[in-house]
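Working notes, structure below.
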Amino acid sequence: MAHPLDLNQLAQHIKQWGQSLGFQQVGICDTDLTAEEPRLQAWLDKQYHGEMAWMARHGMLRARPHELLPGTLRVISVRMNYLPAKAAFASTLNNPELGYVSRYALGRDYHKLLRQRLKKLGDQIQHYCLEQNNLDRHDLELHDLEQHDSERQGQPEQHTASEINFRPFVDSAPIMERSLAAKAGIGWVGKHSLILNRDAGSWFFLGELLIDLPLPVDKPQEEQCGRCVACMTTCPTGAIVAPYTVDARRCISYLTIELEGAIPEEFRPLMGNRIYGCDDCQLICPWNRFSQLTDEDDFSPRAVLHTPQLLDLFAWNEEKFLRVTEGSAIRRIGHLRWLRNISVALGNAPYLDSIVLALETRRGLHPMLDEHIEWAISQQLARRATQAVEVQLPQKKRLIRAIEKGLPRDA
């Protein structure tokens, strides 16, 4: 007689396999995100998604993973640490002549690596279930020798390996990965809208494996932010407009990565030297005192992007930009937006003749870039005329102190 698949045992195997594949944590949840739909719709209605039209276009599909892969019963959520050694947070942010790149983008693009590991996890599950199914089939054949077929009529149908279907996702489809991660017990959603884990902070990537097995689910973690609003008060542009709510239109990550056109002038002075993304809301978070370094070589910083001189980066032509950023998440913004972002950072730097000269040599490449170059030159000349001394914004002063005191390993 065939035995049903032991799903509890399989769930334990999945977590062990996941850790052997380099994931620091694996959790399992169902697909029900109906509670998230009103919040998602309200966020879209307020236009907080900015020019990311695909978010509005996909609408509530993001909260319905079972529609992405029909038949999906569970989501296997994983996290993988990405914080590199010697992250140089404070030393880079505190030097206006350097360019700050969000630490997730210093190494190779994470999408392919995580997707491949998730595919391997799915293959292991499939292989295990096939083996179990073959054992069951062998038992059933032995049993059939002793029992007439008619005696087995009416027995409940067992889940067989041939029915298993899975699909990996890594920030590559309309799916609410943070809500799923929270539901799967990976962590809780912080007020900056990122997932926090009490043992690992927030410096990790998320990935999902949708599967049609009714695996046992994990319990969510209790939210541990309490009254803390450090991320909200530290955000340079005030993008965290309410607890758990980010107005992407104000977020430096959106402005430097997702926005294709001109960066609104009101935000440019607030961007400082951040040229690709922003980590401030993570850097100030007390839970990141417990962050763990990555053990993935692919996430190690490329030397040319680690504490880079702005003028050196600004001198890259398109060929060099494409060559240096091959396999990097940075490449997706293209050379034009790369120069746009660096122009803003140069405009925020202390006056130097070499900065003005470098900006002037880039005139005429594109009208959008020209507009940022003219702004940056005007900022430089105004600073020279007043002999202005750089004055750090209160949020930045507080952030640098917090990093040096709370994250000395990564300062």
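Keep in mind that glycine also has a Cβ here, set from the backbone N, Cα and C atoms.
Since this is a predicted model, take the numbers as computed values, not measurements.
Take the CB of Asp171 (active site, proton donor) and look out to 10 A: across all protein chains shown you find 14 other CB atoms. Sequence annotations record features per position, and here Swiss-Prot assigns active site, proton donor to Asp171.
For the domain '4Fe-4S ferredoxin-type' (213-245), the residues of the chain that approach it from at least six positions outside its boundaries are 5, 7-8, 10-11, 14, 27-30, 43, 48, 73-74, 76, 125, 129, 159, 164, 182-193, 196-198, 251-252, 254-255, 267, 270-272, 274, 278, 280-287, 393, 395-396, 398-399, 402, judged by C-beta separation under 8 angstroms. According to Swiss-Prot, the domain '4Fe-4S ferredoxin-type' annotation covers 213-245.
The [4Fe-4S] cluster 1 binding site annotation in Swiss-Prot covers Cys225, Cys228, Cys231, Cys285 and is backed by sequence analysis. DSSP assigns Cys228 ([4Fe-4S] cluster 1 binding site) to coil, not to a helix or a strand.
Every protein chain considered, the tally of other Cβ atoms within 10 Å of the Cβ of Cys251 ([4Fe-4S] cluster 2 binding site) stands at 27. Taken from Swiss-Prot, the feature [4Fe-4S] cluster 2 binding site covers Cys235, Cys251, Cys278, Cys281, and the record attributes it to sequence analysis.
Each residue contributes its Cα atom, and for Cys278 ([4Fe-4S] cluster 2 binding site) and Cys231 ([4Fe-4S] cluster 1 binding site) those atoms are 12 Å apart.
For Asp171 (active site, proton donor), the nearest neighbour among the listed binding-site residues (Cys235, Cys251, Cys285), judged by C-alpha distance, is Cys251.
Summary for the binding-site residues Cys228, Cys235, Cys281: the Cβ-based neighbour count within 10 Å is maximal at Cys281. For the pair formed by Cys251 ([4Fe-4S] cluster 2 binding site) and Cys285 ([4Fe-4S] cluster 1 binding site), distance between Cα atoms is given as 17 Å, rounded to the nearest Å. Per-residue pLDDT, averaged along the domain '4Fe-4S ferredoxin-type' (213-245), amounts to 97 for this model.
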